[in-house]
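Q: As annotated in Swiss-Prot:
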| type | residues | note |
| --- | --- | --- |
| CARBOHYD | ASN81 | N-linked glycosylation site |
| MOD_RES | SER253 | phosphoserine |
| MOD_RES | SER256 | phosphoserine |
| MOD_RES | SER259 | phosphoserine |
| MOD_RES | SER268 | phosphoserine |
| MOD_RES | SER316 | phosphoserine |
| MOD_RES | SER379 | phosphoserine |
| REGION | 275-320 | region 'Disordered' |
| REGION | 448-471 | region 'Disordered' |
| TOPO_DOM | 1-5 | topological domain 'Extracellular' |
| TOPO_DOM | 27-46 | topological domain 'Cytoplasmic' |
| TOPO_DOM | 68-86 | topological domain 'Extracellular' |
| TOPO_DOM | 131-142 | topological domain 'Extracellular' |
| TOPO_DOM | 164-190 | topological domain 'Cytoplasmic' |
| TOPO_DOM | 235-475 | topological domain 'Cytoplasmic' |
| TOPO_DOM | 497-523 | topological domain 'Extracellular' |
| TOPO_DOM | 545-564 | topological domain 'Cytoplasmic' |
| TOPO_DOM | 580-586 | topological domain 'Extracellular' |
| TOPO_DOM | 603-614 | topological domain 'Cytoplasmic' |
| TOPO_DOM | 636-645 | topological domain 'Extracellular' |
| TRANSMEM | 6-26 | transmembrane segment |
| TRANSMEM | 47-67 | transmembrane segment |
| TRANSMEM | 87-107 | transmembrane segment |
| TRANSMEM | 110-130 | transmembrane segment |
| TRANSMEM | 143-163 | transmembrane segment |
| TRANSMEM | 191-211 | transmembrane segment |
| TRANSMEM | 214-234 | transmembrane segment |
| TRANSMEM | 476-496 | transmembrane segment |
| TRANSMEM | 524-544 | transmembrane segment |
| TRANSMEM | 565-579 | transmembrane segment |
| TRANSMEM | 587-602 | transmembrane segment |
| TRANSMEM | 615-635 | transmembrane segment |
Amino acid sequence: MAMDEYLWMVILGFIIAFILAFSVGANDVANSFGTAVGSGVVTLRQACILASIFETTGSVLLGAKVGETIRKGIIDVNLYNNTVETLMAGEVSAMVGSAVWQLIASFLRFPISGTHCIVGATIGFSLVAIGTQGVQWMELVKIVASWFISPLLSGFMSGVLFVLIRMFILKKEDPVPNGLRALPVFYAATIAINVFSIMYTGAPVMGLVLPMWAIALISFGVALLFALFVWLFVCPWMRRKITGKLQKECALSRASDESLNKIQEVESPVFKELPGAKAHDDSTVPLTGSAADPSGTSESMSGGHHPRAPYGRALSMTHGTTKSPVSNGTFGFDGTARADGHVYHTVHKDSGLYKDLLHRIRDERPADGAPRQLRRNNSYTCYTAAICGLPGLATRRGDTPAPEDSEKLVADAVAYSRRRLRYDSYSSYCNAVAEAEIEAEEGGVEVRLAPPLAEPEPPRDDPADEEKEEKDSPEVHLLFHFLQVLTACFGSFAHGGNDVSNAIGPLVALWLIYEQGAVLQEAATPVWLLFYGGVGICTGLWVWGRRVIQTMGKDLTPITPSSGFTIELASAFTVVIASNIGLPVSTTHCKVGSVVAVGWIRSRKAVDWRLFRNIFVAWFVTVPVAGLFSAAIMALLIHGILPFV
């Protein structure tokens, strides 16, 4: 049968197939490296380089198996024996319908299934060409069932693996020993699955015919050798790297503390102890010397230590006060009157606030007379003023106001303090402390220690803490860093083997029909066509892949190296097994199922359920939408173009 008159259809098919492969790379490739980019173990550029290598390799070695299902398993091609040109037009229509919808979805950042697209598009053109009789419905039912089985199976496997990792590694006080012991097992499992997949599916391509037991033995042997290599070389290197990083962090922290301790307290009048203050604990910095108790008596502490509350918090700072004749009440330097006459504060020398404030006082001394609104610029001086209080208007012993003026005096002091707090600057704050110091030297201020407060309640467990997402420690991050890269490459390899058929399956059918002049397509899938599809997928990844990577790697749920490893390994294992038995499962479904399962286990609130709902709806919308586009193109070809060719 002369097929030269349909050469234009083959050329058009090659162009559309590349566009389809481009759309597959722009959308579905996020399933492979989206979690790796989201967890930060690889950059987007590194992900594109690795994916280009493994997507192409997987498409060549594993793509032929699934390509046969796409070409022959969805429709009965024997019904087109007498109308070969109709089947060729149908393959072109299927590619157009699938490509258009995937490009639209990629633009909208919707992660959809390329398998859904091509299956729906194939059914769409068949319904237009010969009606429902051309569709093998039982095969379609199996495919639809796999769409639900794959996310559930992948999610279950990811969940179980993550629970085990969390139980034996992440929850340990020191996760490094168990993590290093598990590394050879993790690497061996990943390598074994990968080698078995290549040998089982790719052996015919390489001209090898091996029994199942031989393939299993080879896979086990390679995995064992790789595990031995990891145990002898990778684990010691990883242990040294983790130890070195921890030691470096400790050294930097120690050096920072030592440099801060060299700053003399005299440079910080804010923390200058007033005359008459009792000796104080090293961990508590008094703003002033004392506070008056309600009875007007002084309380001193033996040994020069402040009372301390449980759980490491100081009960109070010493605080200077001036007596007021208002019914046994006093007001502190911050001008805040309390019923019991006491104001309690806490400032620790080892706190970051104290150290940062010392730096700011030393390096950023403002000019006198130029106060600034520190509250507006979030300076540490303002924060400390809010914590420690501002010295108010102290009164001398001889300047006792009349009883009717007492309340006004307290109110004026409070207003003055608030006004100073609002427009506080370093100079005004320190001047107020200096004024109080002069008053103390002249005997105008009584210096007393604040009596202890009632013991605070022990910290309660916040139920919301259980809902917070877990984060990997630096050691765990290093342990799973390379593992996630390896499993991401493994997932990319599996993705190339499974999803290249979505782009190249119709093109292979079109090429074989043109070459053989028959619809049976007896020849094997040409390797160069699989490579052509892999190149198209990589191009789509580089140009447009980052759009859906954002959705899969960050928007759906936060990813860490440990959770990303479990997601990659379990979902890739599911995809490879499905590819080896010829079942075109959706890598999107497998990855989304794993991401949601692990995210839900890590934290009930970590999953964006609204986004997951949209993705789930898109799974059902994709088939009819792609079928509708394909049916429209098919109707145009068989009724508007082919009759005139």
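Cβ from N, Cα, C; glycine included.
So that I understand the layout, could you describe where these features sit and how close they are to other parts?
A: DSSP assigns ASN81 (N-linked glycosylation site) to coil, not to a helix or a strand.
Listed in sequence order, there are no same-chain residues at least 6 apart in sequence whose CB falls under 8 Å from the CB of SER253 (phosphoserine).
Tertiary proximity for the topological domain 'Cytoplasmic' (27-46) is limited to same-chain residues at least six positions away from its ends with a CB under 8 Å from its CB atoms, namely 54-55, 102, 105-106, 110-114, 480-481, 484-485, 488, 491-492, 495, 499, 502, 537, 540-541, 545-546, 548-549, 551-554, 558-561, 563-564, 567-568, 571, 587-588, 590-591, 595.
Averaged across the topological domain 'Extracellular' (68-86), pLDDT in this predicted model comes to 74.
The helix, strand and coil residue counts that DSSP assigns across the topological domain 'Extracellular' (131-142) are 10 helix, 1 strand, 1 coil.
If you look at the topological domain 'Cytoplasmic' (164-190), the same-chain residues 6 or more away from its ends with a CB under 8 A from one of its CBs are 223-224, 226-228, 230-231, 234-235, 238-239, 242, 470, 472-473, 475-476, 479-480, 483, 486-487, 490, 562, 565-566, 569, 601.
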Q: How about the transmembrane segment (565-579) and the transmembrane segment (587-602): do they have 3 or more C-beta pairs under 8 A, pairs 6 or more apart in sequence?
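A: Since 3 or more Cβ pairs under 8 Å link them, the transmembrane segment (565-579) and the transmembrane segment (587-602) do come into contact.
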Q: Which state, by DSSP, holds SER253 (phosphoserine): helix, strand or coil?
A: helix
Q: Mind checking which residues reach the transmembrane segment (6-26)? Cβ under 8 Å, same chain, six or more beyond either end.
A: 55, 85, 88-89, 91-92, 95-96, 98-99, 102-103, 106, 114, 499-500, 502-504, 506-507, 510-511, 514, 532-545, 547-548, 645
Q: Using a Cβ-Cβ cut-off of under 8 Å, list the residues of the same chain that are 6+ residues beyond the ends of the topological domain 'Extracellular' (636-645) and lie near it.
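A: For the topological domain 'Extracellular' (636-645), the sequence-distant neighbours (Cβ-Cβ under 8 Å, at least 6 residues beyond its ends) are 5-6, 85-86, 89, 92-93, 128-129.
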Q: What stretch of 110-130, 214-234, 524-544 shows the most Cβ pairs under 8 Å to the transmembrane segment (615-635)?
A: 110-130
Q: Using Cβ atoms only, which residues of the same chain lie under 8 Å from ASN81 (N-linked glycosylation site) while being at least 6 residues apart in sequence?
A: ALA518, VAL519
Q: For the topological domain 'Cytoplasmic' (164-190), what does DSSP give as the number of helix, strand and coil residues?
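A: DSSP composition of the topological domain 'Cytoplasmic' (164-190): 22 helix, 0 strand, 5 coil.
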Q: At a Cβ cut-off of 8 Å, and with pairs 6 or more apart in sequence only, do we get at least 3 pairs between the transmembrane segment (110-130) and the transmembrane segment (524-544), yes or no?
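A: Contact between the transmembrane segment (524-544) and the transmembrane segment (110-130): absent, because fewer than 3 Cβ pairs are under 8 Å.
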